[in-house]
Amino acid sequence: MRVRKIPTFVSVIILLELGYIPGKKIGFYCKDPLISQPYHGETINAVTLLVSNLIVIPLLVLLLTDFCFKRRSMPWMWMNDAWFIYKDFLTGCGLVLVLTEIMKALVGEHRPHFFDVCRPDTAENCTAGQYIETYECTVTKYSHHFMADTSKSFPSGHSSLSVFVAIFCSYLLQTRLSCIAGQICRMFTICLCITWCMICSLTRITDRRHHWWDVAAGMLLGAMCAIYTAYNNHSKIKQECIPRVAVSTTTLVDIKNKSAKSEII
């Protein structure tokens, strides 16, 4: 995957997010408890998600795997390798986000707080269980983008992106920190990646921003894209960890003496 694909992914994501590519509008069942939850905001917003998963976590992992343990004396080589891996990582993230946005637009599933945010005009006097296909939202305090987002529950973008980052970074750590000296640091960092992934995913359920199956589908999508990206870039990521062998001066002297004796004989 090449870096020139990233602008294409970004363009598609922006068009889908801003509503220039219209999504599917579906109806709802009157007084459906699954979409009658109150809206209380979100624990992890989009900015926090993107900054942490696209910048902070991957750069820290690359710094740990290449610079701290392997390339201290050759920083230019570390930066070159890290940049190529980071570009492929961003391309994989773009793939995840594009697929997520396309699925959101095609499915058009309502979020758990749909009634609270939209308050459809035909939902007041309807019979419980009745399917209503034509409606208009009556709430005007939210932006058009936010209102359209209430019908983009499936799949969860938070879970798809965070799982992709967790698996890809864990694979990076497992592959490039295979020496004994990095085992503790490797396991600790992998646990941190997985923990952050679970926080990003599970808070979408507790915040009533997604149904549990939205989060599960997002996690599956992120895992599949991470495996695909890691497989395509295995040759770049895979490196042998060569441990540093301390050779004593006594050993070197002995070797030289033995060589000298053999020449005399």
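Any Cβ shown, glycine's included, is placed from N, Cα and C.
The structure displayed is predicted, hence computed values, not measured ones.
In terms of DSSP helix, strand and coil, the domain 'Phosphatidic acid phosphatase type 2/haloperoxidase' (84-230) has 101 helix, 4 strand, 42 coil. Sequence annotations record features per position, and here TrEMBL assigns domain 'Phosphatidic acid phosphatase type 2/haloperoxidase' to 84-230.
TrEMBL lists 7-23 (among others) with the feature transmembrane segment.
Residues annotated as transmembrane segment in TrEMBL: 43-69 (among others).
According to TrEMBL, the transmembrane segment annotation covers 89-107 (among others).
Taken from TrEMBL, the feature transmembrane segment covers 156-173 (among others).
The transmembrane segment feature in TrEMBL is assigned to 185-205 (among others). Non-local neighbours of the transmembrane segment (185-205) in the same chain are 42-44, 49, 52-53, 57, 61, 64, 156, 158-159, 161-163, 165-166, 169-170, 173-174, 177, 211-212, 214-215, 218-219; each lies 6+ residues outside the stretch with a CB under 8 Å from one of its CB atoms.
Marked as transmembrane segment by TrEMBL: 211-231 (among others). If you look at the transmembrane segment (211-231), the same-chain residues 6 or more away from its ends with a CB under 8 A from one of its CBs are 1, 34, 88-89, 91-92, 95-96, 99-100, 103, 109, 112, 153-168, 171, 201-202, 204-205, 237.
Per-residue confidence over the domain 'Phosphatidic acid phosphatase type 2/haloperoxidase' (84-230) averages 90 (mean pLDDT, predicted model). Among residues of the same chain six or more beyond the transmembrane segment (43-69), those with a C-beta under 8 A of the stretch's C-beta atoms are 75, 78, 81-82, 85-86, 89-90, 93, 157-158, 161-162, 165, 168-169, 172-173, 176-177, 179, 181-182, 185, 189, 193, 196, 199-200, 203, 206-207, 241.
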